[in-house]
Amino acid sequence: MKVVIASDHGGMTIRAEIKSLMEEMGIEYEDLGCECSQSVDYPDYAVPAAEKVASGEADRGILICGTGIGMSIAANKVKGIRCALVHDVYSARMTREHNDSNVLAMGERVIGPGLAREIAKTWLETAFEGGRHANRIGKIGEYENQS
Ligand code: RB5
């Protein structure tokens, strides 16, 4: 599995934590920044990362900003992206099992690095259940392909 990771200035601590987790887990990743000492715009990081997942260049994406909200809104504008904003371990598991989310967003001003690590680990390790959930995701794709 290859993961693309990015954050704005509001998510740099958790981004470093998740990179260290992926190194421990032996997961290949690409870090798209930011290398920010000042304020940047989260869509400039969310969209390129989401495009890498949508094109198949990366299998999954992890995005962090202050709340996770801006990153998730921007990522979900990219066709084929199912970005889940997650701040608890239960949702991390469910969004993989039921939604086959391919991008995870978290907010560094909402949760700490320890919980973010547990969420990311669970999200990275959990497989999609398929079955009736695949049918539901297919309906999202059908709508997306009409526009
Ligand atoms: C930056 O101040 C902040 O707005 C951003 O990190 C994020 O929370 C947006 O949704």
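Positions of Cβ are set from backbone N, Cα and C atoms, glycine also.
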D-ribulose 5-phosphate binding in TrEMBL involves Asp8, His9, Gly66, Thr67, Gly68, Ile69, Gly70, Asn99, Arg132, Arg136; of Arg15, Arg109, the partner in that site is Arg109
If the criterion is a C-beta within less than 6 angstroms of any ligand 1 atom, which of the binding-site residues Asp8, Gly66, Gly68, Gly70, Arg136 pass it? List them in sequence order. Asp8, Gly66, Gly70
Taking just the CA atoms, what is the gap between Cys65 (active site, proton acceptor) and His98 (active site, proton donor) in Å? 24
Per 10 Å Cβ neighbour count, which of the recorded positions His98, Arg109, Arg136 ranks highest? His98
Across all protein chains shown, the binding-site residues Gly66, Gly68, Gly70 give the max Cβ-within-10 Å count at Gly68
